[in-house]
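**Student:** Relevant sequence annotations retrieved from TrEMBL are reproduced here:
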DOMAIN    A:69-259  domain 'ABC transmembrane type-1'
TRANSMEM  A:7-26  transmembrane segment
TRANSMEM  A:68-92  transmembrane segment
TRANSMEM  A:104-125  transmembrane segment
TRANSMEM  A:137-158  transmembrane segment
TRANSMEM  A:179-201  transmembrane segment
TRANSMEM  A:238-259  transmembrane segment
């Protein structure tokens with residue numbers, strides 16, 4: 001009885017975890033099985049004939065899979081770079097510089113935090129369509145150039161940076177730019193890392209906005225590419241489809257497994273404020 | 001518009017004379033904040049004004065003529081059977097995802113919290129779906145739930161029941177998508193609950209034990225559950241906002257067929273597929289109102305934490 005009490009939580013957790021991981025297992029397993037085994041619903045991990053090569057080759061040849069990944073990289077990298085460039089100075093100004101309009105700006109940042117991007121999509125789309133900018137990397141990135149969440153996060157973190165050090169640096173002739181980027185931001189590197197994870201994961205996985213502004217296959221980021229692929233492969237070849245899903249899911253999942261703590265901190269950051 | 005306010009008040013004559021160093025810092029402050037402010041106007045300010053404007057017109061993207069129609073887009077929305085169905089579907093989806101996603105995660109967190117050596121393992125397993133690209137995973141789920149080729153139905157048949165066509169039965173479409181929604185959100189909520197559980201002082205549980213709360217259930221009800229109040233509140237709010245934004249699973253699994261439209265998917269169709277800009281703007285405002293109502297309490301709490 002005591003033993004059961006000891007092992008019961010593990011048992012329950014293991015059953016739950018098996019259900020959580022089943023889709024991943026099934027995805028990878030199907031991606032290395034041959035199409036003839038499709039009617040074999042067994043969960044046995046070793047396929048009768050290993051067809052991973054064919055499946056992955058077909059996923060990569062029927063849609064430009066490498067291009068999707070490159071697009072994802074460009075979009076996520078571009079968004080993150082501009083977000084950091086615009087939000088760090090603003091957060092520094094809000095936290096450490098007294099300027100008129102500061103309070104209004106902080107209030108606006110907090111108000112903007114509750115406006116989801118889906119609510120802004122329609123006018124942004126009309127604007128981009130009028131400017132003939134649909135189907136460009138710029139259109140995919142533009143709505144995210146400003147992250148009010150980054151401003152909020154960095155503001156909270158920069159505030160605790162000692163004013164004495166800033167004063168001393170000013171005396172030593174540091175410019176405000178140098179103080180902001182070389183001193184204050186360096187004191188908040190964990191926040192920067194967490195925000196980077198948050199931003200990259202959100203935009204790597206985002207479907208809504210790319211689906212609105214992109215309809216060219218060669219510009220599609222991974223989720224949109226996956227949608228094009230699954231719409232084209234209407235159930236005919238599950239092996240290739242699962243190979244595609246594996247390729248698209250792998251980068252973030254692998255990063256997560258390698259840097260678990262950072263990932264959990266980054267993604268759930270919205271919760272610890 | 002805000003940058004304008006700022007420059008006006010900066011030049012106000014009633015201000016005391018400032019030293020050169022102070023004026024330099026004010027100038028730097030404005031300069032540093034300027035790019036973010038400009039983007040704020042371009043990404044939030046103008047679009048919200050445009051959205052309000054569109055919602056009062058019958059504008060269609062690409063059309064030359066448009067006219068003011070007052071509030072008729074809103075009255076139309078509340079008589080539009082498709083939109084009403086999308087609302088009902090989204091509400092049903094939320095009604096499944098919120099309780100299962102919140103209480104399921106609480107249960108998992110309570111179990112994981114007690115583990116010492118295996119904690120990292122369980123955390124990883126349950127958190128994995130949060131990081132995975134939902135579009136790709138929805139495709140996998142489609143296959144998993146396939147009536148003849150999927151292992152889920154194979155298990156159902158092995159247990160002696162009739163196979164269930166999860167994505168072929170209209171009444172099951174929303175519950176099936178909700179199942180995927182719960183699968184994706186559990187790990188996220190679990191981590192939030194774990195953070196809340198870690199913050200509960202050990203002495204408190206000990207004190208409750210001394211006071212006669214002998215069984216774990218008693219201790220949970222007298223200490224853990226009340227102490228988790230703010231965390232639970234937060235988890236409920238974020239889960240409901242996530243639930244009202246359900247989109248990817250619809251886009252992959254049904255494309256809104258057989259009456260499985262949801263709020264955001266219907267909005268997408270009206271605004272970007274049918275180009276009914278004016279009508280879609282009204283729907284967007286309804287969507288925004290729902291999200292704002294859900295997040296208002298949370299925002300006020302955050303506002304109190306910011307020291308101006």
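Even glycines carry a Cβ here, placed using N, Cα and C.
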**Student:** Tally Cβ pairs under 8 Å between the transmembrane segment (A:7-26) and each listed stretch (A:104-125, A:137-158, A:179-201, A:238-259), then give the stretch with the top tally.
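**Tutor:** Per the Cβ count, the answer is A:238-259.
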**Student:** Decide whether the stretches the transmembrane segment (A:238-259) and the transmembrane segment (A:68-92) have at least 3 CB pairs under 8 angstroms, with pairs required to be 6 or more apart in sequence.
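**Tutor:** Per Cβ check, the transmembrane segment (A:238-259) touches the transmembrane segment (A:68-92).
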**Student:** Take the transmembrane segment (A:137-158) and find every residue of the same chain, 6 or more past its ends, with a Cβ under 8 Å from one of its Cβ atoms.
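**Tutor:** Answer is 71, 74-75, 78-79, 82-84, 86-88, 90-92, 94-96, 106, 109-110, 112-113, 117, 120-121, 124, 128, 184-185, 187-188, 191-192, 194-195, 198-199, 203, 209-210, 213-214, 219, 221, 269-270, 273.
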